[in-house]
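Quick notes on the structure that follows.
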Amino acid sequence: MPDSVLWAVDLFGRVYTLSTAGQYWELCKDTQLEFKRVSAATQCCWGIACDNQVYVYVCASDVPIRRREEAYENQRWNPVGGFCEKLLPSDRWPWSDVSGLQHRPLDGVALPSLHWEWESDWYVDENFGGEPTEKGGWTYAIDFPATYTRDKKWNSCVRRRRWIRYRRYKSRDSWAKIPSKDDPKQLPDPFNDLSVGGWEITDEPVGRLSVWAVSLQGKVWYREDVSHPNPEGSSWSLMDTPAEAAQISCGPHDLLWVTLWEGQALVREGISRNNPKGSSWSVVEPPTSENGIMHVSVGVAVVWAITKDRKVWFRRGVNSHNPCGTSWIEMVGEMTMVNVGLNDQVWGISCDDRAMYFRQGVTPSELSGKTWKAIVAGRESDRSHSGSSLSLLSAGCFFGDEVRGSGESCAPSDTDASSDAERPGPDQPVPAESLDCPGDPKGSSASGPGTSRTTEHPAEVASPATQTPRPEPRPGPACTPAEVPWTNIDLKEPKKTPSHPLAGLPETTGLSSLEVLPLGLEEPYGADDHPLWAWVSGGGCAVEAHSVLKWFSVQLGLSPSVQTLSLSITPAQTAAWRKQVFQQLTERTKRELENFRHYEQAVEQSVWVKTGTLQWWCNWKPHKWVDVRVALEQFTGHDGARDSILFIYYVVHEEKKPGVRRFRSRVWTWHRLASHAVYIHVFLNEVTALVPVLNEAKHSFALYTPERTRQRWPVRLAAATEQDMNDWLALLSLSCCESRKVHGRPSPQAIWSITCKGDIFVSEPSPDLEDPAHPLPCDQMFWRQVGGHLRVVEANSRGVVWGIGYDHTAWVYTGGYGGGCFQGLASSSSNIYTQSDVKSVYIYENQRWNPVTGYTSRGLPTDRYMWSDATGLQECTKASTKPPSLQWSWVSDWSIDFSVPGGTDQEGWQYASDFPASYHGYKTMKDFVRRRCWARKCKLVTSGPWLEVAPIALGDVSIIPESPGASGNGHSVALWAVSDKGDVLCRLGVSELNPAGSSWLHVGTDQPFASISIGACYQVWAVARDGSAFYRGSVSPSQPAGDCWYHIPSPPKQRLKQVSVGQTAVYALDENGNLWYRQGVTPSYPQGSSWEHVSNNVRRVSVGPLDQVWVIANKVQGSHSLSRGTVCHRTGVQPHEPKGQGWDYGIGGGWDHISIRANATRAPRSASQETAGERSGEQGLPSGPAQVAGALQESLGPVCC
């Protein structure tokens, strides 16, 4: 998960944020306002200031918030003057919106508020349906309204063109006051409470929010049209309520609860995608009749409440179908307010000392959690005090006369809920504090609300007058720097005025207790005081169950050596001592083995490594899983090389006939042990891949060899549990790598690929792989798995690798290997991080029209299943559909998907004349069938050498391929991407040392894009969502974003979906699986001249720095069936034959993505090739990538398409 923040307001009205990766509260940048409460979402935060006005804080991002304004210029043909603005009285306005019903002159389009600014002036859109129009951007039709075309015909009596202007939201990282354009008579009175949610309402458009508010008069208001492109919304709508409201809470989904002044609660029902404001109210009684509900907070499937006696309550049985729940459960603690954030995590503020608590142990199976734990994170301003404390420590201020036993020390723990770092429950009584215990005053953040503590008083002895007093090491939740768990040190207790120190921190005297504040600013807290909180909001704070937070102990910037405070041995002495011991042990080992060198090896050279029981898929009749015994034998040769053999034993329960099928080869050998026993043995040094198989019911994996790869017939094995499968996969993969002497992280030249399951594989390229004369066959390539889970991967030869998950999260490769099921020797000890991914599973509900009952689920005998997949060939019901594999788990219920191509009606239906046909989102008289898509989200959690690049979700990414012999010239690595919303981005600061880069640079476009690719000479090509192609001009290291886009016509009657650029070659893929090559690309004309068809049946294409072409084929004929998703290499690609001549089939099926862009390994050149190269150099052709790049950049200019 990316670093998200927790928002909070203290009693002085100051707004703070606390990152999930940090341990300090940071004061909000805009400090001029004082707030009463806030409500946060992922990218923004709404708040009510002390002036009772509503403000919104939109977090800064590299992608700007842009809103497109459109106006249409309409003209009619006149026999006298031709086309002019004189229209008929029944016509639309000369300047209108797209419908023609609203008058919209260019000078009448104004900015909605002061928080917006115009990005450019009005200009004509000359793109129509992915094709360029004639100069002027006019489209023609017979009449208004009608179907418009870009070609002028003899009967074209009207025409129109679209004018576009973009506006940009400029108030980022600051509080922007929400403007009000409502009727003065209907303006809302000052607000008292506010809540933001609804961003995960089923099938909600991405970025839309539901903002609810309660006024001082008890009225409930709803903010219309709040979304990411329009963060302010448009207006307030008054909602009818049966009684006066006091407080409101809106969850991420469809839960909305309101507390009433009488102590009851209202629950809004009927909230959905088409009706985000709901339809009706239901009343929920308080837990007890004596004390009504004072405060409520809701999440996805939970409701927490505070009654007037400060008791905390949890509502049982809450879900989307029953938003009211069933009953109340009293929880431990007394709070003044609680807040439910993302993943139903809970925060609270105690009523005694205004300290903040986090509810630990909240999981999907235990929504109420286990215990409250205090957040003792310091403020950002406390960093200044850490420096003075550190200076006192280094000066010996912790020396004294107090004798402290080793039993009084403690080991710090941030995650253990049962450790001393956790505060006791907030419901315990508070005893009176004694002045004899100055180190533990009341209100210390080390003790929770109502915590009872006892403090030991160590015996004091006289100290020398020259002894410097030291802060008292207090017993508390974490070890102080003076408390060393493994040594006894004499310390002296100082005499000073009691204060309120932070938990686990020593009080300081002298300089460390002084505060240096900026002139004119008043610090409301002392250096050791914890903030007094008034409000907290976790709507933008994502805390996973496995997350490790730094909120529960404060270490004010002290180095590890100071924190442990080793007074007897310095780190330098420890390092020297370790080095000396290691040298002595090494010398002793050499002496002891010297006399035994002439002895022969006395151990057997083979050993059984692992045996077990698996299932093997029998590929012939009866085509079923067979129980087998397997054993892996590993042996070591005299040269130290290791090899392994895998034996598979199974029993035949019936007599084999003489004509039984037997398979025998150099790798796989069948042996008849007895009349009914058979075993197979496999040499692992000839295995080319071990691939987990996507299976809903079994934990299975496939084993490939070159011969099995050619036959598309791998051997499949299945384990009883996921752990067994992971153990076997890890062991077999490690044995295969040892046999081939492949270890460690992949090389920078590695070829990366991804299966349809999301597993990541790499292959080390051989120099002969791209040999034009005798290329290495693809089926000989060895693929090994790298931990993690991705949908797209992109690499270049400088070691920069990026990936994109199914949930559009961007990841960067950290340089490790392993993770997931690969642990121990099969994984690196560092650079492995937790990784999660979310994807949706889709099924279709089909219906046919009946003259009596209308549309019904009873179809014709020849129809598809009434619940099926997208093809209609496989039956898929809600009950029978499982996650893609056993590694995935459901995280949502089934919901209607309204984002399918072709559009839907309000209920999600698509209509057609018959199955299958072209579907549309409206019903006509000829539509006899309909369908709608249902989606359900599932989640996978694994680990791998990947770090998340926050916070922008990506749809595609491209890294510049390094040409052979290029050294980088000191430039950063060019990386372009397309966000999930279609924005084009350029990543700055990407290098080998910083592969994640530093920031995003937004590149303006007139429409959303879908795919992008940058070539070795900084040629940037892109494909828009409407299928049209674009070329970006003047891209260079000094001008990384280029200057303008040039429209490239698509192939005739085709819509492109992907593009890939090598050193000079440009390939594109359309929606029908056709692969196209761009002809005529030269340094003087980089846009090329035309598209030439290369092949069909292609799913994905990748062009490398040598202009080599690799694809994922959709269907490849094998020995037994069609293999979908096969890696294929284009053979015969040469300068005089850039399209190649044929295909070489590699690993498959089940592959979904490949990146060849890091492989710049050339085959050794022969004498004839060198002579040909010299002749080409004499003819003046660019002989190297540097010359090609230079010629290309010099020729770029304003080219008119």
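Here the Cβ of each residue, glycine as well, is placed from N, Cα and C on the backbone.
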Which listed span TrEMBL calls region 'Disordered', if the choices are 1079-1105, 1160-1186: 1160-1186
Overall pLDDT of the domain 'Peroxin/Ferlin' (908-941), taken as the mean: 91
DSSP-derived helix, strand and coil totals, residue by residue, for the domain 'Peroxin/Ferlin' (908-941): 0 helix, 18 strand, 16 coil
For the domain 'Peroxin/Ferlin' (137-170), sequence-distant contacts whose Cβ falls under 8 Å of one of its Cβ atoms, 6 or more beyond its ends: 58, 64-77, 83, 91-92, 99-100, 106, 109, 111, 115-126, 128-129, 131, 231, 1004, 1006
Counts of helix, strand and coil residues, the domain 'Peroxin/Ferlin' (64-125), according to DSSP: 3 helix, 24 strand, 35 coil
